[in-house]
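To start, the structure under review is shown below, and the notes come after it.
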Amino acid sequence: MPGVVPTLNTGNQPAAVRPKSVRQTLPAIAVAAFAAFGGLLFGYDTGTISGVIASNTFINDFGYPNPQDGGKVELGTSRTSLFVSILSAGTFFGALIGAPIADFLGRRWGLQVAMAIFVIGVALQVAASMHQDGLFVAGRVIAGLGVGVISTIVPMYQSETAPRWIRGAVVSGYQWAITIGLLIAAIVNNSTNTRTDSGAYRIPIAIQIGFAIIMSIGIIFLPESPRWFIRGGKHDRAAKSLAFLNSTDVDDPVVRAEVADIQTNLDLELTHGNGSYADCFKPNSRKFLTRTLVGTSLQGCQQLTGINFIFYYGTEFFKSTGQSNPYGFVIASNVVNVVCTIPGMWAMERAGRRRLLIWGAAWMFICELLVAIIGTAVSTSNQNAQRALVALVCLYVAGFASTWGPAAWVVCGEIFPLAIRAKAFSLCTASNWLWNFGIGYATPYLVNPGKGNAGLGSKVFFIWAGTCFGCMLFAYFFIMETAGLSLEEADELYATVMPLKSSAANKEIRARRDALEGEAARYIKGDEEATADENKHEIMAKTGDADEKASF
């Protein structure tokens, strides 16, 4: 596969140059890690609604008597669907506007705009009081716009600033932050659900404003993406940003080589389009259309694993299994989610993206199939069976957390060329939220008993098991192995190789790059030694002249 890693024209020096030590890249790792904080808002907002709609106070304030159930106050299936899923409608459009915002304002200022939108939406939800459904829904939609922009920009910013050798783990930090947000939401819901005033649901919602303020302050100190600077022709500022991320100066060979590499790739990409949404769907030699379809399908598959059934309706599900403390089981499943994302971050680089997605889907398929069988065949009065069911749900969550949770975001952050990256990534994120909305809206109708509902209960896991099997096949036939590659190398891989051959091609690219880096290191070392020899001879010559004058 010749020509995958071009040697850039930088004088006599090879282009592939790496930092002298891991310590040099610590600022880049720290920057990408803090950016992951945006995932906490995403996760907390997703997790909060599960406890809110199960809160007796919220049900009394926003529900209505059900004459068919003795006048018992209920939210009803339609309102539950609306309150839960409407956020995803906002996030869908937020993801789409996130791309032009990120391209026009930059990644940092794009995030600041997202924080402002998000805070407005949360404030409206907090302000909504008894039966003010419209205000609450409007707040959910506006907050969703902010979350959509965040979910587009954060993984993209991380991918563009993180070192290639740890990019998968760093971008996985975004998913880890999502899981932490979900866990915090579960803990807060558990702490406030026994309150008898509106604080039972207003406190969990209002806490999000504090998270947004912390994120907004931190963004001020982050550097802008060097790739965004280069796309705008601001090479000097890109060099300064790269120098900061690599703990060096703008004249360092590492910085010069990377600026040249990014620009070369961008020039090649722009010959196939100017980076518009229409370009994402061009079936050109760089496979823009194929990559867009793979990315959007991957995000759809992540939702079709059924994971948000647990995070949106987990409290209600654990109630239906006869558990005395459903809030406690939601916390337990979220602890599993947080803890198991950590080995996934490690495996992202060790096992690779492709293998992780294939085996993760197989693991979830088995767990969900067993949940469906037990839930269907065994009575809820059988406590041992219900405990086994809960354990299998936790194993299923563990499988998602260590594979599809982080890997979907990592892959989508790597597969697109710079020319269309913001637009294509926003389409991927929009796909995630569109499926999120559909699943969130349909699930109560699928699960709940009663007129107009399917009443599947635990049988819904047969559906999720089937979709997980489909996800496994999708990963096998369409996902490339990009672990350890720079974004520019991943771009070339997707443009020139078929998925089934990507692992072998990946090894070849890395071997060629290592050879180039070794050559570059020898060149630099030789240049430094030659300079040292020249300085030594110059000092000796001056010393000799001084001695002659002294003796004279």
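For all residues, glycine too, the Cβ spot is worked out from N, Cα and C.
Worth saying up front: this structure is predicted, and the values here are computed from it rather than measured.
Annotated in TrEMBL:
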TRANSMEM  26-44  transmembrane segment
DOMAIN    31-483  domain 'Major facilitator superfamily (MFS) profile'
TRANSMEM  82-102  transmembrane segment
TRANSMEM  109-128  transmembrane segment
TRANSMEM  134-157  transmembrane segment
TRANSMEM  169-188  transmembrane segment
TRANSMEM  200-222  transmembrane segment
TRANSMEM  356-377  transmembrane segment
TRANSMEM  389-412  transmembrane segment
TRANSMEM  424-441  transmembrane segment
TRANSMEM  461-479  transmembrane segment
REGION    527-552  region 'Disordered'
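The transmembrane segment (424-441) shares the most Cβ pairs under 8 Å with 82-102, out of the stretches 82-102, 169-188, 200-222. Tertiary proximity for the transmembrane segment (169-188) is limited to same-chain residues at least six positions away from its ends with a CB under 8 Å from its CB atoms, namely 29, 32-33, 35-48, 50-51, 154-155, 158-159, 162-163, 203-204, 207, 211, 311, 327, 330-331, 334-335, 337-338, 341-342, 344-346, 348-349, 401, 405-407, 409-410, 413. Away from its own ends, the transmembrane segment (134-157) comes close to residues 32, 35-36, 38-39, 41-42, 45, 62, 82-83, 86-99, 101-102, 107-108, 110-111, 113-128, 171, 174, 208, 225, 409-410, 412-413, 421-422, 425-426, 429-430, 432-433 of its chain (Cβ-Cβ under 8 Å, at least six residues beyond either end). Here the transmembrane segment (461-479) sits against the transmembrane segment (356-377); at least 3 CB pairs are under 8 Å, leaving out pairs fewer than 6 apart in sequence. Most Cβ pairs under 8 A with the transmembrane segment (26-44) among the ranges 82-102, 200-222, 356-377 are made by 200-222. Sequence-distant neighbours of the transmembrane segment (82-102) (same chain, 6+ residues past either end, Cβ-Cβ under 8 Å): 45-46, 49, 52-53, 62, 75, 110, 113-114, 117, 121, 133, 136-137, 140-153, 156, 228, 277, 312-313, 422-423, 425-427, 429-430, 432-434, 436-438, 440-441, 444.
Beyond the ends of the transmembrane segment (356-377), by six or more residues, the same chain brings 305-306, 321, 344, 347-348, 385, 388-389, 392-393, 395-396, 399-400, 402-404, 407-408, 411, 457-462, 464-465, 468-469, 471-472, 475-476, 479 to within a C-beta distance below 8 angstroms of the stretch. Mean model confidence of the domain 'Major facilitator superfamily (MFS) profile' (31-483) amounts to 90 (pLDDT, 0 to 100 scale).
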